[in-house]
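Colleague: Could you have a look at this structure, given as structure tokens, before my questions?
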Amino acid sequence: MNTSRFESLTGSVDVLFPEYDDPPSEPITLLKRWLATADVARVREPKALALATATSDGRISSRVIAFSSIDDRGVIFCTHSTSRKGRELTETGWASGLLYWRETGQQIMISGQAVPLEESENDKLWFGRSVPMHAMSSASHQSDELVDREALRAHAAELLALGVALPRPPRFVGYRLEPHEMEFWAASSDRLHRRLRYERDGNDWKTTQLQP
């Protein structure tokens, strides 16, 4: 029975998911496949990651960021080390992220250690950004109190007017979210949504199909 009309899901359902029954040996391969498919399906913001961090006493915060890239070890993103998420990552070293693609009815959960990148990698991230993005990232101290909005705007405008790449602020850093657990979720019209979980097992991965 098709019960999708009772759901709040507004995108496609029953997208192809052959890996559900024949999963790759590790999850990054599947993540890359899904991202490539999302591009073809014209998902509007495939890199919008809802990233949750926490303090050492368990107080959770979350925000949506755009991750930078994916390599064979995980998902790379950047932030200010002095921001709330930066401070919480320093406290615990762990984070959990969720990609939700309304257009295709898919979700990907990524949970694991957020490992700081080397300074050379931070530089590569910074100088890989378009020059106009440097101004506000240099002028702002992310998550600090905003005392004078116009002063910050003016400072960023002065930097932008220079028209050159700016030095990377030391507080601008990158992390790699290296998964210890990942889950791939695909909506189904019969509500038997397909959930495939990967769990780190030493140097290998264990896969499990989960009930919806």
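Each residue, glycine too, has its Cβ placed from N, Cα and C.
From Swiss-Prot, here are the annotated features:
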- SER8, HIS80, ARG129, SER137: substrate binding site (BINDING)
- ARG63, VAL64, ILE65, ALA66, CYS78, THR79, ARG84, LYS85, GLN107, GLN142, SER143, ARG195: FMN binding site (BINDING)
Colleague: How many whole Å apart are the CA atoms of ARG63 (FMN binding site) and ARG129 (substrate binding site)?
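Modeller: About 21 Å separates the two Cα atoms.
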Colleague: Taking the residues ARG63, VAL64, ILE65, ALA66, CYS78, THR79, ARG84, LYS85, GLN107, GLN142, SER143, ARG195 listed for FMN, what is the greatest CA to CA distance in Å, to the nearest whole number?
Modeller: 36
Colleague: Hey, how far is HIS80 (substrate binding site) from GLN107 (FMN binding site), Cα to Cα, in Å?
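Modeller: One finds 27 Å between the Cα atoms of these residues.
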Colleague: Are there residues of the same chain, six or more positions away from CYS78 (FMN binding site), whose CB falls under 8 angstroms from its CB, and which are they?
Modeller: SER68, ASN122, LEU125, TRP126, PHE172, VAL173, GLY174, TYR175
Colleague: If you draw a 10 Å sphere around the Cβ of ILE65 (FMN binding site), how many other Cβ atoms fall inside it, taking every protein chain shown into account?
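Modeller: For ILE65 (FMN binding site), the 10 Å Cβ neighbour count is 16.
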Colleague: Among the binding-site residues listed here, ARG63, HIS80, ARG84, ARG129, which has the most company in the form of other Cβ atoms within 10 Å of its Cβ?
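Modeller: Of the binding-site residues ARG63, HIS80, ARG84, ARG129, the most buried by Cβ count within 10 Å is HIS80.
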Colleague: About how far apart, in whole Å, are the alpha carbons (Cα) of GLN107 (FMN binding site) and ARG129 (substrate binding site)?
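Modeller: About 27 Å separates the two Cα atoms.
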Colleague: Other than its own, how many Cβ atoms are within 10 Å of the Cβ belonging to SER143 (FMN binding site)?
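Modeller: For SER143 (FMN binding site), the count of other Cβ atoms within 10 Å is 15.
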Colleague: Helix, strand or coil by DSSP: which one applies to CYS78 (FMN binding site)?
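Modeller: In three-state terms, CYS78 (FMN binding site) counts as strand.
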Colleague: SER137 (substrate binding site) has how many other Cβ neighbours within 10 Å of its own Cβ?
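Modeller: Around SER137 (substrate binding site), other Cβ atoms within 10 Å: 19.
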Colleague: When DSSP is mapped onto helix/strand/coil, what comes out for ILE65 (FMN binding site)?
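Modeller: DSSP assigns ILE65 (FMN binding site) to strand.
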Colleague: Helix, strand or coil for GLN107 (FMN binding site)? Use DSSP.
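Modeller: Where GLN107 (FMN binding site) sits, the three-state DSSP reduction gives strand.
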